[in-house]
Amino acid sequence: MYSFTFFALLGAFLGCSLTPETFALPPSNVASRARLYEFLEKYGYFDNLPSKTEGKPPTADEQREAIVSMQRMAGIPTTGELDEKTAEILRKSRCGVKDGNPRDIVKRPDQDQRERRYSVLGDPYKWMDKTDLTYKVMNYPGENSPDLTREQVDQGIHAAFKVWSDVTPLTFTEIHSDDADIRILFGGRAHTRVPGDPPFDGPGGTLAHAFTPNSGWGETDGDVHLDDDETFTEGVFRGTNLFYTLAHEIGHALGMFHSDVSDSLMWPYDRGYIPDFKLPEDDILGIQALYGPNPDPTASTQPPVTVNRLYCENTFGATAFIDNEYFMFGGGLMWRFDSDRNLLSPPEGQSPRDIFPKFPADVRAVYHEGRSGNVIVLKARNYWVYEKSSSWTNTSPQYQLKDINPDTRTDFPQHVRELGFPRSVSGVVHLAEVGFSYLIKGKKVFTFDEYRLELSKTSAKVSNVFEGVSDRPSSAFFAQGFANVLVGQDYYRYVYDFKTSSFVALSGYPRNFAEEFLRCPTA
């Protein structure tokens, strides 16, 4: 429960001098600012402020400095504003340990003169005068992780400890005594009786937290707690990867702090399942600053396996946001990503027919129709309609062709004139809230009234609707408050202005879709 002080500070934050243009987001500015404030408060960005120690709300300068610090830790542009990228970070699942003040982060240049920004707390917040540590598994994940066996959990725990023992003199031995140095606990919400142990928040949000050695928590020092409301998995791209979450939290239990290097294990945000994971150099430097290198490092010298991520090389023929997942179609393959853009499909792709039976080849546009919940697939002069099948689940979506007429063997494909659409649509920006769809055909844009089922009699130039787009878009989709228009390898991004019924271009675009949106390695 929040105290009166929290709401007083929040009121001051919402009334700060940041301008509305700063918060170019679909939700209301008030809701967006409130969410940002709670985040900054929860993860330590208001700690140790002069104003807070005096019992006063943060000043405008302190607020902006806190946002900059949060952006620096997340590895996004430090605008000091609640912009698009900052809003995306607020939606990501992450570790519950506070980030603290990034000014304290230790920097070390590597041989390529790039800065590494691991952070360690140092003495006495480490295991002092001992390298042979013990651990106990207090319990196992519950019903929210049905795909995990106890054997898989034990293997994940062993692998998570091995990440750190491979590069240090540390050893880890499982015991069954409560006197273990590190205890691993799965629990939901208020999960212990330890005063001050932060409760978990249900699915998503905070995934886990841990306690550094000698940090004043008594017997809880060094322990690892995982939110049992999460769906933990192993070896697949859906759910929350147990190994990765454990390896990160064990880092805290050894004295590691959060790093602002976005490909490091100790980056505070979840990165999902990473096949053939190898501990990044930033984390190796940090843990060896505490405990030194492994005197027998042969076990950690194997080079990482390169994963063939074909989606990073693809120009997609169709893109869509369906039931809170991104779908990318190209080259006869399909890739699924969750709402945080973590890959759910194999890196090499999968057949669209794994989820959409009889899915046509070389589709031009796919979109999720908001009112009916159906998925519409467009290709040249034909269209198909899919609906959820009886076997559909959140973790295993499955669709079937809609059965319009039980007396016919198959109802699809049908001609697009039955929809009222023009031929050869290459992208659909579907606005369920206003009941309109923007249909892109070549360099023209038609509007379709979903309530009247009427197509606009005239078209507009694509550049007049989507500022900056001069070439023929290859695909388009609307997701999480943003319209995205792809032109070859690049994409443009827009928010919809309900007052003017028009799209407003976001600055800094176009950007490379694979690198920026799908987080592929830069060329």
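Heads up, the Cβ atoms here are built off N, Cα and C, so glycines get one too.
Just one of Asp181, Asp201, Asp260 is listed by TrEMBL for the same Ca(2+) 2 site as Gly218, Asp223, and that one is Asp181. Listed by TrEMBL as binding Zn(2+) 1 are His191, His225; the candidate from His209, His248 that the record includes in that site is His209. Using Cα positions, the member of the binding-site residues Asp147, His191, Asp201, Ser426 nearest to Asp223 (Ca(2+) 2 binding site) is identified as His191. Ranking the binding-site residues Gly202, Gly218 by C-beta neighbours within 10 Å puts Gly202 at the top.
Each of Gly96, Leu185, Gly187, Thr192, Asp197, Pro198, Phe200, Ala208, Val224, Leu226, Asp227 belongs to the same chain as His191, His209, His225, is absent from that list, and has a C-beta within 8 angstroms of the C-beta centroid marking the Zn(2+) 1 site. Those same-chain residues not listed among Cys95, His248, His252, His258, Met266 yet with C-beta within 8 angstroms of the centroid of the Zn(2+) 2 site C-beta atoms are Val97, Ala210, Glu249, Gly251, Met256, Phe257, Ser259, Leu265, Trp267, Pro268.
In terms of C-alpha distance, the listed binding-site residues Cys95, Asp181, Gly218, His252 place Cys95 closest to Asp227 (Ca(2+) 3 binding site). Taking the Cα atom of each, His252 (Zn(2+) 2 binding site) and Glu230 (Ca(2+) 1 binding site) are about 20 angstrom apart. The average pLDDT computed for the domain 'Peptidase metallopeptidase' (123-293) is 93. Here the C-alpha separation of Gly218 (Ca(2+) 2 binding site) and His225 (Zn(2+) 1 binding site) works out to 15 Å.
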